[in-house]
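This is the structure I have questions about; it appears just below.
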Amino acid sequence: MYHLHGGPGLFKQWFLTAHQNRPFEGKTSFGMSVFNLGNAIMGSGILGLAYAMANTGILLFLFLLTAVAGLSCYSIHLLLKSSGVVGIRSYEQLGFRAFGITGKMAAGIAITLQNIGAMSSYLYIVKSEFPLVLQAFLKTDISSGEWYLNGNYLVVLVSLFVILPLALMKQLGYLGYTSGFSLSCMVFFLSVIYKKFQIPCPFEEFSHIFVFIITYFTECIKKGTVPQTAYTIPILAFAFVCHPEVLPIYTELRNPTQRKMQHISNISILIMYTMYFLAALFGYLTFYTNVEAELLHTYSRIDPYDTLILCVRLAVLTAVTLTVPIVLFPVRRAIQEMMFPNKTFNWIRHVAIAVILLTFINMLVIFAPNILGIFGIIGATSAPCLIFIFPAVFYIRIVPKDKEPMRSTPKIFAACFAGLGMLFMIMSLSFIIIDWTTGSSSALGGH
C-alpha cells in the first residue's frame, strides 16, 4: 500500500492528475456514430438543393456535389491524421499544439460562432414554420391569437422539453437513437418527393403561403446580381459541415482507430451525398425552373392543405430540432476548453453551459431575429476555417518535418487545400456583401 505524505490536499491533486491522464473509454457503436455524424452533416440546406440544381443543371450540380464530398472526406482525413500523430482528439487542443494559445482560441471561437449560428437558424425555422404547419393541420386562422400558434411560445417549449433534455446527456453517443430518427425523417422527406414526382408542370398555383429562411445566396440568384452558378458553389461548399463534431464522436467511439473513424466519416458523407442528390434531382425534375428556394413551398403552392406535404414539413421540423443537441455538444466542449481547460467533468457546469447557450439562442431568435444576418458573415468566415483552412494548417504544423518534409506531396496538397478554403471564404463574403449592397434583407440559415 502506498502512502502519500502531505495531507489530503496532495492526495486530491494526485487523484485529479491520475483521473485526467486515464484514457477515456468510448462506448458508442459504429452504427450510432454514423447516425450522429450524419445528423451533424444534415441541415435545412437540403431543402434548397433543388433550387441550386435548377441554376446549374444536373451534370454540373453532380460534379460540384461530388467534388465537395471528396474534399470533406479529405479534410476529415487531415484532422484524423493530425490527431493520430499527437494523440489528441480535440479540435481546440490540436490548435494549441499547432499554434499555441492563439490556435486554441481561434478553433474554439470558430466552433462556437459557427454552431451558435447554425442553432439560431434551426430554432428560427421552428419559430417561423411550426405555427404555419399547425395552422394548416388545424385549418384555423393564425390571427386568431391562440397561444399555440405563437412562434415565440412554440420555440421556447421545443427548446425546454425536447432540445434541453437531449443536450444534458453526458456523452454525445447517447444521441445515436434520436439521430437515427432524425435521419429517418429526412428519408421520409425524400420518399415524398419521389412520390410527388408526377405533378404536372407547369402548374396552376393554388395559394402562396409560408416564407422559409434558407440562405443569402438563393435570394441573390433570383436578382441576378452575380452569375447563378457562382452562388451555388458556396452553398454546396458548406453542405457537409460536420468537422467540429468529428473529434468528439471519435473520442466516444468504441475501440477507436483512425481507420475506423475515417470509414464512419466516409459512410456518413456518402449517405448524405446520396440523399442530397436524390432530393435535388426529384425536386428539380418535378418543377424545373418553377422550383423555389425552399422545395416544400413549391408543393404548397399546389395544395397548402395536402396532408402528406404537411406531414413531411413536420418531419423536416423534427429533423432540424433533433440536430440542435448534436451541434450544441462541440460548442459546450469549446467553451470548456477555453474557460475551464484543466477541470474534470462537472454536472453543474455541464448543465449550466447548456442552459445558458439555449437561453441566449432563444433570446436571439425571439427578440432579435435580424441578428441572423450577422451570422451570415460569421458562417462565411468560420465555416471555411473549420472545413478547409484549420485542418490543413494544423496538419502542416503538427506532422513532423522529418516524417513529411514541407515539400512532400501530402503537405503540398494540404497547403493547396488551405488556399482553396481562403478562396471559398472570399467568394462567400463577397456574395453576402453584394447581397447587402443591393438591399436584400434575407439571412443565412443552417448548413
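Any Cβ shown, glycine's included, is placed from N, Cα and C.
No curator has checked TrEMBL annotations; they are predicted automatically.
What TrEMBL records for this protein is below:
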- 27-434: domain 'Amino acid transporter transmembrane' (DOMAIN)
- 30-51: transmembrane segment (TRANSMEM)
- 58-80: transmembrane segment (TRANSMEM)
- 105-126: transmembrane segment (TRANSMEM)
- 147-168: transmembrane segment (TRANSMEM)
- 174-194: transmembrane segment (TRANSMEM)
- 263-287: transmembrane segment (TRANSMEM)
- 307-329: transmembrane segment (TRANSMEM)
- 350-368: transmembrane segment (TRANSMEM)
- 374-400: transmembrane segment (TRANSMEM)
- 412-434: transmembrane segment (TRANSMEM)
With pairs 6 or more apart in sequence, are the transmembrane segment (30-51) and the transmembrane segment (307-329) linked by at least 3 Cβ pairs under 8 Å?
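Contact criterion met.
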So, taking each listed stretch (147-168, 374-400, 412-434) in turn and counting its Cβ pairs to the transmembrane segment (350-368) that are under 8 angstroms, which one gives the highest count?
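Ranking 147-168, 374-400, 412-434 by Cβ pairs under 8 Å to the transmembrane segment (350-368) puts 147-168 first.
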Quick check: do the transmembrane segment (147-168) and the transmembrane segment (374-400) share at least 3 Cβ pairs under 8 Å, counting only pairs 6+ apart in sequence?
no
Are there residues at least six beyond either end of the transmembrane segment (307-329) with Cβ under 8 Å to its Cβ atoms? List them, or say none.
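Answer is 36, 39-40, 42-44, 47, 115, 118-119, 122-123, 125-126, 129-130, 133, 136-137, 158, 162-163, 166-167, 169, 172, 175, 178-179, 181-183, 185-186, 188-189, 192, 195-196, 245, 248, 296, 299-300, 354, 357-358, 446.
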Please give the sequence-distant neighbours of the transmembrane segment (174-194): residues at least 6 beyond its ends with Cβ less than 8 Å from one of its Cβ atoms.
28-29, 31-33, 35-36, 38-39, 42, 46, 166, 271, 275, 278-279, 282-283, 286, 295, 308-309, 311-312, 315-316, 318-319, 322-323, 325-326
